[in-house]
């Protein structure tokens, strides 16, 4: 607009107001373009020189020179006009821009900031340098021009304005450089991957990094651990829920520990002793085993010596590991000190052939056991009936107690009340004694089972052979509680079977028929094994048939051995059949000969005329292993005179009164220690007393 007006005719523009003195250095005034500055200069020039002189137009060369180069205008112009072009007058430019217009090295004019007024206009000199405000002098870059603007905040205190926190001011003022990011990474990574995890994707890089030390996790080798795939035998039943329907073949979800790892060195040591003692000469029949001469437990230990039936649980393994080892090695020190050279040489050879660790361990055991049993083996000669052979007899007057003492954990089972007795006697099959017992002995009879334990055999007889009443007696209340709970398991078995199979023919043929039907059962046996029986507890009902299972079975806690003989005389007949299976040893050890005789006499008086006693005695060779359970058992063991092989003669003597007896059979068992003969004693129909 101004240029267009200048081309046509000159016109007057009022001069801008002079800048304030306190804002002269701030550069905050209005900015006037160069053509306006030239125009105002011309107006002032015309006013000073007179109205007759014409001002150059905006399009003239002089005006163009004045717009393009203030320095050139200063040379061509004179006086105040040149100062006007250099100083910038009404532009109120900043001090930085004013310095750009001056040549380098030129000093400021002496009339800086001085106002000169003409006749019709106002002339302004170069702007004054900025005045310090609030005690802070802004920093000027040395090279001139605009640099990075610093934060103009108050640090000196006093004065107004916004103030930042002190710690931020100090950090900003004192920091000369920006933060430096890390560049050296020990694992070879970068700022985005400091741990160099991406290198694990490359197997070659991973192998290179881990050549010396595993600085980073290596990649897993492919195919190092092959995946095992188990293919089930029956693809339609991969979990084998319907395959094992027989209770004997049920595999529990959490199987019981067999305890074989505790005795892993015992079998090897027994074999060495047996090989060493095979050349010894003993006045024993050829059919008798050698091991009873060492520890008196040959019947139950022979399978271990020959290495047979390793998987089957062995008897009395639950709490007698220390006693078994002590008694096995106890005769060796006496043999070494004995007068016979033939007895001392073989044990020495066995010690030398054993490994160093095992031999040192057994040597310590020998020293301990020799002190405890030196008196028991030393002295005069003993009889062969004691089961000690030619290893020396025993004095009945002096038997020192074992140095190891009697442990409470062993005392817990001093009556043979093992809670898992049937577990290691019949690990995967039914009780072998059921095959030698005849159903006609029990059908419709009153039966008493002494030492029933958890009642498996008692419940089997009550369920299969239909006795009129079946009473299970045991001295341990915990076993009786378990026996009562087991009734539900047998009821669950009946629920699994079809109704027509419940009434089968007795005997072996009936058992086989029942087994065939059980295999066709579709109920998962694993559910019963893991979750318990599915049958509800039985509620006694009035008028129910007491001869039908489970109403015909009851379990009672009590001690069958009476304290005095006069109590035996008061016993009245109540039962037709009495079962005494694997009980005589525990009665013998806890109550001696007198207690066992009282039990036999009470059984005879408890039977009705024509009744029978089913007896399964333990052999004398199994007594010695249990003699250290308690102090009472230890003393009774050396006082026993009535041996198991004499039971038949005593029961048929006038002291008891049985009329006859017979050997039924010797049931087969995986452990020869449980292969015990079963005898049947008959009570006369017209008793003599």
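Cβ coordinates come from backbone N, Cα and C, glycine included.
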Query raised in the report: If Swiss-Prot marks one of 254, 653 as phosphoserine, which residue does it mark?
Result: 254
**Report entry** Candidate set 57, 206, 477, annotation phosphoserine, source Swiss-Prot, matching residue
**Finding:** 57
Query - Where Swiss-Prot places phosphoserine when the choices are 152, 372, 428, 621 - result: 152
Requested in this report: Quickly, which of 199, 334, 344, 521 does Swiss-Prot have down as phosphoserine? Just give the residue.
Outcome: 344
Report summary line: Taking only the CA atoms, the spacing between residue 179 (phosphoserine) and residue 643 (SUMO2 cross-link), expressed in whole angstrom, is 98
Query - Number of Cβ atoms other than its own within 10 Å, given for residue 643 (SUMO2 cross-link) - result: 17
Report task. Take the domain 'Bin3-type SAM' (431-686) and average the pLDDT across it for me. Result -> 85
